[in-house]
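**Student:** Below is one structure. I have some questions about it.
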Amino acid sequence: DCGKRFTSSGITIHQRIHTGEKPFSCTQCGKSFTQSTSLKSHQRIHTGEKPYSCDQCGKSFTQSTILISHQRIHTGVKPYSCAQCGKRFTSSKVVKVHQKIHTGEKPFSCSDCGKSFLLSGQLKSHQRTHTGEKPCSCDECGKSYTTFNNLMVHQRTHTGEKPYCCGQCGKSFTQPQTLISHQRTHTGEKSYSCSQCEKSFTWPHTLISHQRTHTGEKPYSCDQCGKNFTQSSHLISHQRTHTGEKPHSCAQCGRSFTTSSQLTTHQRTHTGNNPYSCTQCGKSFTQSSHLISHQRTHTGEKPYSCDQCDKRYSDKRYLIKHQKIHA
């Protein structure tokens, strides 16, 4: 069919790509596979079996290939590089996904709203925003999630587990992507640039969210009050104003918060930690947004303007306060 060459056993498996044949079916969920080994790996999702463990952090995996890829988080080895921009990655799978950023390819489309995605898994997770389905539940508090990954991250709020450690400063994180993002604070790497204002970002999704400040697009809507948001995380936080849910509690004083970032900021009132320092005057702040606002006292920058009288402000809060004069 395609001229590719294989061993006698390999050709049979490969030909199934052309025929679409998937002879190995899961008795629990009906999902089918081209190879018996793929079925065996899949069945571990149902049994919970994770036979491959990381000797550095103890994290377990269903497949040896996933373990090998994970171990590169600890070693820093990135053997796969993008031919277009030279960026390096821990796995070939991640390179393939990254390359779609250059081509703009998003092959998986939602039949409900037309939104397109890089990965089939992203589409599946997105479709649950339409159906409201949250199949992954926490045994400890009953909270439900759209994906197993989100559930695993949540469970770490109960266990306190932070398996991803920065080799440079020792700071630990609950998620590998948070560690990678943090490591860029050491390297200063910001690979994703906005074509409209040339602002750079460490993550592609942060760039996409930023671009909405130019387009005005707010794709995430609250079904209770109709308010729209640029990011799904902002919608989730907002919805808690309706439900009153405050899932993030301070271990020291018991105070609860709607977001983990609010809790982190609050905890600094106990520790006295002000990690954001002004390079010009040395003044320190608990939040990066407060530092950015403060730095404008040095630069004179006033990015927030009133659409009614053109008065400008260095801080969005001052603009909101001012706009009440017109109201």
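Using the three backbone atoms N, Cα and C, a Cβ is placed for every residue, glycine included.
Note that the coordinates shown come from a computational prediction; the quantities given were computed from them, not determined experimentally.
Pulled the feature table from TrEMBL, pasting it below:
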DOMAIN    1-23  domain 'C2H2-type'
DOMAIN    24-51  domain 'C2H2-type'
DOMAIN    52-79  domain 'C2H2-type'
DOMAIN    80-107  domain 'C2H2-type'
DOMAIN    108-135  domain 'C2H2-type'
DOMAIN    136-163  domain 'C2H2-type'
DOMAIN    164-191  domain 'C2H2-type'
DOMAIN    192-219  domain 'C2H2-type'
DOMAIN    220-247  domain 'C2H2-type'
DOMAIN    248-275  domain 'C2H2-type'
DOMAIN    276-303  domain 'C2H2-type'
DOMAIN    304-327  domain 'C2H2-type'
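If you look at the structure here, what lies around each of the features I listed?
**Tutor:** Taking the domain 'C2H2-type' (1-23) as a whole, pLDDT averages 76 in the prediction.
Secondary structure by DSSP for the domain 'C2H2-type' (24-51): 12 helix, 4 strand, 12 coil.
Helix, strand and coil counts from DSSP across the domain 'C2H2-type' (80-107) read 12 helix, 4 strand, 12 coil.
Same-chain residues lying 6+ beyond the ends of the domain 'C2H2-type' (108-135) with a Cβ under 8 Å from its Cβ atoms: 97, 100, 144-147, 219, 232.
The domain 'C2H2-type' (136-163): residue composition by secondary structure is 12 helix, 4 strand, 12 coil, according to DSSP.
Counting residues 6+ beyond its ends, the domain 'C2H2-type' (164-191) has Cβ neighbours under 8 Å at 57, 70, 73-74, 76, 85, 87, 153, 156-157, 200-203 in the same chain.
Under 8 Å from some Cβ of the domain 'C2H2-type' (220-247) lie the Cβ atoms of residues 129, 143, 157, 209, 212-213, 256-259, all in the same chain and six or more residues away from its ends.
Nonlocal intrachain contacts for the domain 'C2H2-type' (248-275), taken as residues 6+ away from its ends with a CB within less than 8 angstroms of a stretch CB, comprise 157, 237, 240-241, 284-287.
Sequence-distant neighbours of the domain 'C2H2-type' (276-303) (same chain, 6+ residues past either end, Cβ-Cβ under 8 Å): 265, 268-269, 312-315.
Using DSSP to sort the residues of the domain 'C2H2-type' (304-327) gives these counts of helix, strand and coil: 11 helix, 4 strand, 9 coil.
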**Student:** Could you break down the residues of the domain 'C2H2-type' (52-79) into DSSP helix, strand and coil, giving a count for each?
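**Tutor:** Per DSSP, the residues of the domain 'C2H2-type' (52-79) fall into 12 helix, 4 strand, 12 coil.
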